[in-house]
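So that you can see what the record holds, here are the features copied from Swiss-Prot:
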type     : residues                                                      : note
MOD_RES  : LYS86                                                         : N6-acetyllysine
MOD_RES  : LYS123                                                        : N6-acetyllysine
BINDING  : 162-165, 188-191, 221-222, 241-242, 264-266, 344-348, 395-397 : NAD(+) binding site
SITE     : ASN165                                                        : site 'Transition state stabilizer'
MOD_RES  : LYS247                                                        : N6-acetyllysine
ACT_SITE : GLU264                                                        : active site, proton acceptor
ACT_SITE : CYS298                                                        : active site, nucleophile
MOD_RES  : LYS348                                                        : N6-acetyllysine
MOD_RES  : LYS362                                                        : N6-acetyllysine
MOD_RES  : LYS405                                                        : N6-acetyllysine
MOD_RES  : SER408                                                        : phosphoserine
MOD_RES  : LYS414                                                        : N6-acetyllysine
MOD_RES  : LYS430                                                        : N6-acetyllysine
MOD_RES  : LYS490                                                        : N6-acetyllysine
Amino acid sequence: MADLPTPLTNLKIQYTKIFINNEWHDSVSGKKFPVLNPATEEQICLIEEGDKADVDKAVKAARQAFQIGSPWRTMDASERGRLLYKLADLIERDRLLLATMESLNAGKLFPNAYLMDLGGCIKTLRYCAGWADKIQGRTMPMDGDFFCYTRHEPVGVCGQIIPWNFPLVMLIWKIGPALSCGNTVIVKPAEQTPLTALHVASLIKEAGFPPGVVNIVPGYGPTAGAAISSHMDIDKVAFTGSTEVGKLIKEAAGKSNLKRVTLELGGKSPCIVFADADLDNAVEFAHQGVFYHQGQCCIAASRLFVEESIYDEFVRRSVERAKKYVLGNPLAPEVNQGPQIDKEQYNKILDLIESGKKEGAKLECGGGPWGNKGYFIQPTVFSNVTDEMRIAKEEIFGPVQQIMKFKSLDDVIKRANNTTYGLSAGIFTKDLDKAVTVSSALQAGTVWVNCYSVVSAQVPFGGFKMSGNGRELGEYGLQQYTEVKTVTVKISQKNS
């Protein structure tokens, strides 16, 4: 933490308009919407509210930028990579400003925003930049006198809908691979957290991306988001958010032009701690797995299964750890838990906490709101949780840990998989055979062994079942932004 700077004070929000064709636009409707600080419930600024008419403008710009012969389509792939490297450099230059803005707007702890979010964004962009001139097809020795090869071509115009829990990280996860592969994009940031995306829009222009390649339309899901999902001239939509909204997006994509869809959705991830695990390590990773960013993570370790013989000690240590939190302004250095994102999420979490109490779980600590302003909830730990309770089945998205007990390996695998979700899972054991056996059996897109929430640009991320379709990051994530074209050429004579 020695390299951590002090957050900016008196931050001025410079960019509040819609970004289309490298220019700033007022909304067609003339409407604006407020952006709040969740720690104080006070208004930060007003943002231009995009809707269908603004999405139409953005799609027109993106389609024009994607036309055959355009500067973007004729640009060398290595030059696309250079632009992405330049964007990463500019984000690094503005790292302190963006981290302060993310903390103010999204309630993120400033150290996490600066070190983890901004650090991850910069690394991911540079990873994607390096791929730009390495996206290759193949030649195939087909039967007959033919020469056959494949091209991996950009999908086209991509709509990208960003969540509020990791606004800047998810923006980069979306635009990095899409631009590396040569697509153009229309981004809709979450209405709660549009500020960092709009600042990055200014950096897109500064980096030298041609007009129309990146367009950012802030607005609400039922209007701007729905317009993207159902648009007849958008070729692909990528969404990170709730499973409920993901279903609507996939339905709209199917009913419109059958556009390609990538979804990274909800989770109720199991974390299994065997009796032979390093207990200190397991307690800390399981704790961070559910309390990081106030529990507002799709991969949260929200179903914690602990082997019976170590259960009581694990609960004791987990409660002791949760009680160490200092709540308050996420920009303050002594604070290590900030607010939930908004009133709706705050009320939902408190309702689920009350359901845990009513259904018979043992409240070990926390269990209610904190403070007299802002959307703060006490770090909460439940023990004696059973599988049929709401807190064991529903995605809470808050600082609530529920600890369940198990007796056998077969039993815990069955219980861990007994969910509609399949985003991630964790296993803690010193037994390699057990780790391999259980990781193979769990229905999850990512399984961590003796760690949790370890995510990197090089590694694919995505879910099984109702946690989504497709993958982000890594080479697998790049594949989601290309179409494979087969080209077969008749030749006079084939030679091997």
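Just so it is clear, glycine is given a Cβ too, placed from its N, Cα and C backbone atoms.
Recorded features from Swiss-Prot, shown on the structure.
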residue: LYS123; record: N6-acetyllysine; Cβ contacts under 8 Å, 6 or more apart: SER456, ALA457
residue: ILE162; record: NAD(+) binding site; Cβ contacts under 8 Å, 6 or more apart: MET170, LEU171, LYS174, VAL187, LYS188, PRO189, ALA190, ALA197, THR240
residue: ASN165; record: NAD(+) binding site; Cβ contacts under 8 Å, 6 or more apart: ALA106, HIS293, GLN296, CYS297, CYS298, ILE341, PHE397
residue: PRO222; record: NAD(+) binding site; Cβ contacts under 8 Å, 6 or more apart: none
residue: ASN347; record: NAD(+) binding site; Cβ contacts under 8 Å, 6 or more apart: none
residue: LYS348; record: N6-acetyllysine; Cβ contacts under 8 Å, 6 or more apart: ILE396, PHE397, GLY398
residue: LYS405; record: N6-acetyllysine; Cβ contacts under 8 Å, 6 or more apart: PHE305, VAL306, GLU307, GLU308, TYR311, ASN384
residue: LYS490; record: N6-acetyllysine; Cβ contacts under 8 Å, 6 or more apart: ASP145, PHE146
### Message
Validating a neighbour-count step here. Other CB atoms within 10 A of the CB of GLU264 (NAD(+) binding site): how many?
### Response
27
### Task
For GLU264 (NAD(+) binding site), identify the closest of the modified residues LYS86, LYS247, SER408, LYS414, LYS430, judging by Cα separation.
LYS247
### Query
Given GLU344 (NAD(+) binding site) and LYS362 (N6-acetyllysine), what distance in Å do their CA atoms have, once rounded to a whole number?
25
### Task
Return the residue, from the listed modified residues LYS86, LYS414, with the maximum count of other C-beta atoms within 10 angstroms of its C-beta.
LYS86
## Note on the structure
One should report the C-alpha separation between LYS362 (N6-acetyllysine) and LYS430 (N6-acetyllysine), rounded to whole angstrom, as 30
### Message
I'd like to confirm something. Which of the modified residues, LYS86, LYS247, LYS414, LYS430, has a Cα closest to the Cα of the residue listed as 'phosphoserine'?
### Response
LYS414
#### Entry: Residue among modified residues LYS86, LYS247, LYS430 with Cα closest to the Cα of LYS414 (N6-acetyllysine)
LYS430
### Message
Quick check for the class: what is the C-alpha distance, in angstrom and rounded, between LYS86 (N6-acetyllysine) and LYS247 (N6-acetyllysine)?
### Response
36
### Task
Quick one: pull the CA-CA distance for LYS430 (N6-acetyllysine) versus LYS247 (N6-acetyllysine), whole Å only.
39
### Query
Including all protein chains displayed, how many Cβ atoms other than that of LYS362 (N6-acetyllysine) lie within 10 Å of its Cβ?
13
